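> Below you will find the structure I want to go over with you.
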């Protein structure tokens with residue numbers, strides 16, 4: 001029996017919490033039962049549907065915004081161009097320069113807006129969770145970044161020269177290479193994708209758990225506990241609202257960091273023999 005079939009779904013938002021009990025955050029929220037397609041490699045669960053929905057929404061936004069572009073942008077076109085210019089100027093060109101920034105702009109832009117859209121689901125009512133809180137999407141995005149920066153380095157230098165330039169620190173005594181080469185190898189080819197993946201997942205997972213905890217506690221204090229305990233619902237809902245705004249900051253910060261580090265790793269691969 002598949003894991004999704006063994007775990008019952010608990011939606012921990014205040015809109016679905018049972019009226020007579022309090023549920024603390026659990027793993028059930030991250031492994032909901034399948035919907036629509038119930039078996040095989042194309043099984044769909046709630047998080048997968050959210051992932052598809054947010055991808056469609058962000059694509060639709062840019063299609064509609066740029067459908068009839070004007071010389072002087074306004075409305076949705078203005079918002080879309082500002083967002084695209086932010087990625088182009090502050091990430092791609094800032095790290096890679098204009099020529100290489102233009103070359104890798106599609107990849108960096110795609111990563112940035114996929115992360116933003118997926119993260120945004122964590123504060124949208126009735127969705128209440130980011131697909132990035134589960135390992136699948138961060139793993140795919142980290143793998144994409146990993147493939148791109150290694151491909152770039154191998155294409156420019158060849159496999160062996162690229163690997164050698166990435167892990168051999170020039171100008172150090174020979175005995176130190178026995179210490180530094182393994183460290184550089186692990187840092188470049190293992191820790192880079194691993195930290196990209198874990199940083200994104202851990203931040204969105206922590207944010208989801210905090211919001212669930214505060215709003216579930218608010219529901220419990222106001223509608224379940226009764227009596228004097230209801231007063232504790234006030235600080236819990238204030239904390240929940242405050243952390244919602246903080247989560248909004250984290251949503252964009254994580255997208256920026258992921259896209260920025262992808263650009264940095266591409267830059268390091270392009271100049272592997274200079275580091």
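Cβ atoms here come from the backbone N, Cα and C positions, even for glycine.
Look at Swiss-Prot and you will find 46-66, 104-124, 135-155, 166-186, 204-224, 231-251, 252-272 tagged as transmembrane segment, backed by sequence analysis.
So that I understand the layout, could you describe where these features sit and how close they are to other parts?
Residues 50-51, 53-55, 57-58, 83-84, 87-88, 91-92, 96, 130-133, 137, 141, 144-145, 148, 200, 204, 207-208, 211, 244, 247-248, 250-252, 254-256, 258-259, 262-263, 266 of the same chain, all 6+ positions outside the transmembrane segment (104-124), place their C-beta atoms under 8 angstroms from a C-beta of that stretch.
Same-chain neighbours of the transmembrane segment (135-155): 51, 104, 107, 111, 114-115, 118, 162, 165-166, 189, 192-194, 196-198, 200-201, 258, 261-262, 265-266, 268-270, 272, counting only residues six or more beyond its ends whose CB sits under 8 Å from a CB of the stretch.
Under 8 Å from some Cβ of the transmembrane segment (231-251) lie the Cβ atoms of residues 116, 119-120, 122-123, 130, 203-204, 207, 210-211, 214-215, 217-218, 220-222, all in the same chain and six or more residues away from its ends.
Listed as Cβ neighbours of the transmembrane segment (252-272) (distance under 8 Å, sequence separation of 6 or more from its ends, same chain) are residues 87, 91-92, 94-96, 100-101, 104, 107-109, 111-113, 115-116, 119, 132, 141, 145, 148-150, 152-153, 156-157, 162, 165-166, 192, 196, 199-200, 203-204.
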> Take the transmembrane segment (46-66) and find every residue of the same chain, 6 or more past its ends, with a Cβ under 8 Å from one of its Cβ atoms.
9, 30, 32, 35-36, 75-77, 79-80, 113-114, 116-118, 120-121, 127, 129-131, 134, 137
